[in-house]
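Working notes for the structure below.
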Amino acid sequence: GIGGTFHYGLQVSIINSPAEYIKSFIHKTWLKRYGSSPSEEMITLMWSFIVSIYSIGGLLGSMLAGYFLVRFGRKKAMLLTNIPALLSSALMGLSRLCGSFEMLIIGRMVSGVTAGLALNIHVPYAGECSPQRLRGAIAITASTAIAIGKFVGFALGLREVLGVDALWPVLMAANALPALIQLLTLPFFPDSPRYLLIDKKDKEGCI
């Protein structure tokens, strides 16, 4: 769950608290780059684009999930979701340092791809690996991880934590941590027996 649907819950909630700081960053970057202040409408448009492009990335990730599940298997597909997760963290975390609000836009879209993949891979992987008597409880970890991700995102966004002007890039890059945790732990997990039997024809591995 930490490396799966947690990403979605986290990214949905952390975007709220640094809103004014990101708008200020867009204003300063535009002024420095073009020598004139952007209109309020332009700042609102850029901010809206940063928020909404996450859904476009989610759509792309969801469309790719089926291919990833069959081509790489459940476990490897879950591991591959960490590539866009870490890439998006780097883009958003370094956006202010590089003076580029475009990096925020691209980073949010790539983060959406991560969420789209993870949402659609987590459930079949967890369900197919779990014993039959625990399948319902294991499958519900997807929604549990989303809820925990939202809670953690709101907590990190508090002014006493990372919700201040100096630290909003760190807040936006927070999804690197669950990706790293998954990279360190998931290789020790088994692959899906269903995938091994039906897609790989590996009956011995399945058993």
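In case you wondered, yes, glycine gets a Cβ from its N, Cα and C as well.
Please treat TrEMBL annotations as automatic predictions, because they have not gone through curation.
These come from TrEMBL:
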- 1-207: domain 'Major facilitator superfamily (MFS) profile' (DOMAIN)
- 45-70: transmembrane segment (TRANSMEM)
- 77-97: transmembrane segment (TRANSMEM)
- 103-125: transmembrane segment (TRANSMEM)
- 137-158: transmembrane segment (TRANSMEM)
- 170-189: transmembrane segment (TRANSMEM)
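Within its own chain, the transmembrane segment (137-158) is flanked in space by residues 1-2, 4-14, 16-18, 119, 122-123, 126-127, 129-130, 171, 174, which lie at least six positions past its ends and keep a Cβ under 8 Å from the stretch. Residues 1, 3-8, 11, 15, 22, 46, 49-51, 53-66, 68-69, 74-75, 77-78, 80-81, 84-85, 87-92, 94-95, 139, 141-142, 145, 172, 175, 179, 192 of the same chain lie 6 or more positions beyond the ends of the transmembrane segment (103-125) yet place their CB under 8 Å from a CB of it.
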